[in-house]
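According to TrEMBL:
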| type | residues | note |
| --- | --- | --- |
| REGION | 1-20 | region 'Disordered' |
| TRANSMEM | 30-55 | transmembrane segment |
| TRANSMEM | 67-86 | transmembrane segment |
| TRANSMEM | 92-113 | transmembrane segment |
| TRANSMEM | 180-199 | transmembrane segment |
| TRANSMEM | 205-226 | transmembrane segment |
| TRANSMEM | 327-350 | transmembrane segment |
| TRANSMEM | 370-393 | transmembrane segment |
| TRANSMEM | 414-432 | transmembrane segment |
| TRANSMEM | 488-509 | transmembrane segment |
| TRANSMEM | 529-550 | transmembrane segment |
Amino acid sequence: MEASEMQQHFEGGRASYKESKRGGWTTFPFIIGSMMALSIAVGGWASNLIVFLITEFHVKSISATKISNVVLACSSLFPIAGAIIADSFFGSFPVVSIFAFVSLLGTIMFTLIATIQSFTPSRCAIGSSTCESPSNLQYAVLYMTLTLASMGSGGTRFTIATMGAEQFDKPKDQSAFFSWYYLTLYVANVISFTAIIYVQDNIGWGLGFGICAIANAIGLAALVLGKRFYRRVKPKGSPFKSIARVVVAAIRKRKTSATFGSHEDYYFGTTGNYMLKYLEDRVPTKRSFRFLNRAALKTESDRKSDGSYARSWRLCTMEEVEDLKNLLTIIPVWSTGIFLSTSIGVFNSLTILQALTMDRHLGPNFKIPAASFLVFNLLATAISIFVIDCLILPTWQNLTHRPITPLRRIGIGHFINIIALVGSALIETRRLHVAQTHEVLEGSIVPMSASWLVLPLAVLGISEGFHFPGTVALYYQEFPEALKSTSTAMVSLLIGIGLFLSTIVTDLIDRTTRWLPDNINNGRLDCVFWTLVVIATVNFGYFLICARFFKYQNVEDREDLDDGTSGLPQ
């Protein structure tokens, strides 16, 4: 096997990037343009969903937050399915195209619900006890719409990022694309959280959702127009099959005696000297998950009559074994992001409810929509990413001659997230005091400016500016090459699980305490925020423990990352 072919096998079992001359920066405007339009469409319906459910379907405020979190959680879990399908069967472009069309159907359904009166209950004053409940048919149409929209957004959001990275050969170009991807995502969300929400709240839901449908159609068209320029990386079957094979083979050989010593005892397949050079020093010294090494241990029963080895569910390559070990190594660090996402999910939902009860006027004639306050979180995130990448990281590297590692960046984000939650708890304490002092009636506005909510939202945005890019970088760096699409989608998976947990936390608090009544002026939202502070603090401690024992598996980066510092996550 030629050296280049060996490297191709090592780099994930997927078709070589160099087998096609297509790709490169020619594809950039099509992919980024499509990403911009699709993100505007998704943000347009997702960002104002709580208000839509309360005003148009007469859903109670706490119930609306639960439904919204479940929908957003599903939207965050679908990328895993999209990534698996892309990696295993069809590739990125067909998957993104299909799910973009599904997303279009969802936005069209939203438009129909908002414009056809029979799809929603009769109008009434928010919070009135005489409001008509939605019929079973109306609920069915609503849930079908939410399913289509969440499937469409989930199937495109992260797979299109992998598709964009596939267009480039050099890591520098891939890194530049990811930076543009993040910037595009946040700019699109800012547009959704401001312009589209303003149209929905002040002109009409039908027009607002109609704009989302048009944006979705433009995004799908832009994606298809660039089809002839895209580099199409051919999948080589499900990478999860090899993971299952390692587990099965290790279990079947559990009684086989092994010294776990020389690399000559193990099967390397056809990876040749290139893979052998990568692994030969690691097999005898790497002690974690040594039981799995049995899956690659050569035995006489694995040998065929011609002397070669049969690859079955009894024998795997060391590359496959190492891939599974890498996944198992990163799971503890990955799990710390779940409770981080849980606190963020509850934080965002309750912030919208707070804004609905506060003075949102900006001047005598302009009233900021409640959901638009989340734009301050997005702006802070986008600005902080720019400042971190262009100022903080270069300065740190010039002073220490070492880069800030992904784990350190994530850890800083965890700490700042706690500060944001403390700020929200203090502001809510003040809001409740003002409400009680002025004896605010149900449905009335607390005489306190909603601009107070901007500060914790901005701090939360700074937190996300640290931990979100750091998390994506860590997964993309540490995941096996055959699971690159899944690596970016793992961020979405932990967000989805976190949002599901946020719904469970909200429901648990609602059932066991009186902190979350429909009229939050009579509740104790401050206690909810302090509960989140406790959860986030414990989770931060858990992260520090996981990070302390985490070892980077990327051989090329190990020299820079393993600097021997104690205590701090590397």
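Any Cβ shown, glycine's included, is placed from N, Cα and C.
How buried are the listed features, and what sits near them?
Long-range Cβ contacts of the transmembrane segment (67-86) within its own chain (Cβ-Cβ under 8 Å, at least 6 residues beyond either end) map to 42, 46, 49-50, 53, 59, 92, 95-96, 99, 146-147, 149-151, 153-159, 162-163, 235, 238, 240, 345-346, 349, 485-486, 488-490, 492-493, 495-500, 502-503, 506.
Residues 34, 38, 41-42, 44-45, 56, 78, 82, 85-86, 119-120, 141-142, 144-156, 159-160, 162-163, 166, 206, 209-210, 212-213, 216-217, 219-220, 223-224, 227, 230, 232-233, 485 of the same chain sit 6 or more residues outside the transmembrane segment (92-113) yet have a Cβ under 8 Å from a Cβ within it.
Same-chain neighbours of the transmembrane segment (180-199): 28, 32, 35-37, 39-40, 42-44, 46-48, 161, 164, 207-208, 211-212, 369, 371-372, 374-375, 378-379, 381-382, 385, 468-469, counting only residues six or more beyond its ends whose CB sits under 8 Å from a CB of the stretch.
Outside the transmembrane segment (205-226), and at least 6 residues removed from its termini, the chain residues within Cβ reach (under 8 Å) are 27, 29-31, 33-38, 40-42, 44-45, 48, 52, 56, 93, 96-97, 100-101, 103-104, 107-108, 110-111, 113-115, 152, 160, 196-197, 199.
Within the chain carrying the transmembrane segment (370-393), a Cβ under 8 angstroms from the stretch's Cβ atoms is held by residues 47-48, 50-51, 179, 182-183, 186-187, 189-190, 193-194, 197-198, 348, 351-352, 355-356, 360, 403-404, 409, 450, 453-454, 457-462, 464-466, 468-469, all 6 or more beyond its ends.
Through the fold, the transmembrane segment (414-432) approaches residues 336, 340, 343-344, 347, 350-351, 354, 357-358, 446, 448, 452-453, 455-457, 459-460, 462-463, 466-467, 521, 524-526, 529-530, 532-533, 536-537, 539-540, 543 of its own chain, all at least 6 residues removed from its boundaries and within a Cβ separation under 8 Å.
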Do any residues, 6 or more residues outside the transmembrane segment (529-550), come within under 8 Å Cβ-to-Cβ of it, and if so which ones?
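Contacts with the transmembrane segment (529-550): 329-330, 332-333, 335-336, 339-340, 342-343, 346-347, 350, 407, 410-411, 414-415, 417-418, 421-422, 424-425, 428, 505, 509, 567, 569-570.
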